[in-house]
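Colleague: The feature active site, proton donor is assigned by TrEMBL to Asp243. Among the features that TrEMBL reports, substrate binding site is placed at Arg55, Gly56, Ala57, Arg98, Gln202, Asn253, Lys254. Look at TrEMBL and you will find Cys163 tagged as site 'Transition state stabilizer'.
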Amino acid sequence: METATPFVPTPDDAVRWQDDRLYLLDQRVLPARIEVLAYDDAAAVAEAIRDMVVRGAPAIGVAAAYGVALAGRTAFAAAGADWKQAIEADLERLAGSRPTAVNLFWAIRRMRALIATLDAADPFATLLAEARAVHEEDRASNRRIGELGAALITAPTEIITHCNAGALATGGYGTALGVVRAAHAAGKVERVYADETRPWMQGARLTAWELMQDDIPVTLQADCAAASLMAQGRVGWVVVGADRITANGDVANKIGTYGLAVMARHHGIRFMVAAPTSTIDMGLATGAEIPIEERDPAELLGCGGNPVAPAGCAARNPVFDVTPAALVDAIVTERGVVLEPTPERMRALMG
Ligand SMILES: CSC[C@@H](O)[C@@H](O)C(=O)COP(=O)(O)O
């Protein structure tokens, strides 16, 4: 992996295949630096997912699909006709990179299903075409999610969003921010409040950056400022993305989302989850079964390299939480909208 500048990236280029290489916009250093890293092998892509060079559930899935294509290229170069055995270690590496976003496992399963149909010939072109399809389909899904989500917003209003569920977090356009983009184009967004999203600051570093590039009015707030803003009565919707939605409509998303949903219900504010169906895991009955990633407490104990807590202080750093379906007003997918999700309504959506 190396730093490369073959193009000037926009938020829609967080993941890009070009010149037979995978390029990832390094989300760890935004917005201070706009840097693109180049990847030629799956092990490095798995590391990029773990280290959050690329993050956000759909973007992780898209990057993993390209990672499988790279793995196929490496496996055929090393083992020729025996490439199917040789590719396994890389598939495991990719699957082990992060535990919560189900799009990762969805993408690997889709690539595996294709692998099962292939013969001993060089698989690279076929795997790459599938990865490109995963990428294109995600972009198209987000456009549709944007339209459907914006249609639910019936009057101009202020919106709170949490973390970053924008172009950067997807194959392009965004899920929650796709809804915001479409609603803004329709004149329905008076202002977006971006929670800063401790400890990784996706709201401050990524969402504020994306929305400012689109000239969508955005105000950054500390996570703990959301309740007092809601009490002022101008916010009509909370719009967030998801990392995994279970068969009953429970939603895992960035830590702090659950609290926002509780506060939104208290204030009579509606709560929208925007996500492609690749984020829905019908194999899990409820959110209690979702593996929640715990990251290094160092992410919490320091900020930008500066300590913010006493040395030796114990800390917990779960990076996702589960919002119960009962607090969700709408799940918006490319296949349609589920209002007040129940197992029956989720089954009807997923067929
Ligand atoms: C469209 S992205 C949806 C979610 O993946 C997003 O809200 C989120 O929680 C991202 O978490 P991250 O830890 O930055 O990968």
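Cβ atoms are placed via backbone N, Cα and C, with glycine included.
I would like each feature placed in context: is it buried or exposed, what are its neighbours, and how far apart are things?
Modeller: On its own chain, Asp243 (active site, proton donor) has Ala57, Thr100, Ala101, Val102, Asn103, Ala252, Asn253, Lys254, Thr279, Phe320 as residues at least 6 apart in sequence with a Cβ closer than 8 Å to its own Cβ. Secondary structure at Asp243 (active site, proton donor), as computed by DSSP, is coil.
Around the Cβ of Lys254 (substrate binding site), a 10 Å sphere holds 26 further Cβ atoms from the protein chains shown. Under the DSSP three-state reduction, Lys254 (substrate binding site) is assigned to strand.
Reduced to three states, the DSSP call for Cys163 (site 'Transition state stabilizer') is coil.
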Colleague: Of Gly56, Arg98, Cys163, Asn253, listed as recorded positions, which ones have a Cβ less than 6 Å away from ligand 1?
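Modeller: Correct list: Gly56, Cys163, Asn253.
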Colleague: Which residues, sitting 6 or more apart from Gly56 (substrate binding site) on the same chain, put a CB under 8 Å from its CB?
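Modeller: Listed in sequence order: Ala14, Ala101, Asn164, Ala165, Gly166, Leu168, Ala169, Thr170, Gly241.
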Colleague: Where Cys163 (site 'Transition state stabilizer') and Gln202 (substrate binding site) are concerned, what is their Cα separation in Å, rounded?
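Modeller: So the alpha carbons of Cys163 (site 'Transition state stabilizer') and Gln202 (substrate binding site) sit roughly 5 Å from each other.
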Colleague: Can you name the residues of this chain that are 6 or more positions from Arg98 (substrate binding site) yet have a C-beta less than 8 Å from its C-beta?
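Modeller: Ile49, Arg50, Ile60, Leu104, Glu293 - these are the non-local Cβ neighbours of Arg98 (substrate binding site), listed in sequence order.
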Colleague: Write out the long-range same-chain contacts of Gln202 (substrate binding site), meaning residues 6 or more apart in sequence whose Cβ is under 8 Å from its Cβ.
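Modeller: Long-range Cβ contacts: Arg55, Cys163, Asn164, Lys254.
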Colleague: Around the substrate site formed by Arg55, Gly56, Ala57, Arg98, Gln202, Asn253, Lys254, which additional residues qualify by having Cβ within 8 Å of the site's Cβ center?
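Modeller: Everything else in range on the chain: Ile60, Ala101, Cys163, Asn164, Ala165, Ala169, Gly241, Asp243, Val319, Phe320.
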Colleague: When a 10 Å sphere is centred on the Cβ of Arg55 (substrate binding site), how many other Cβ atoms does it contain?
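Modeller: By my count, 26.
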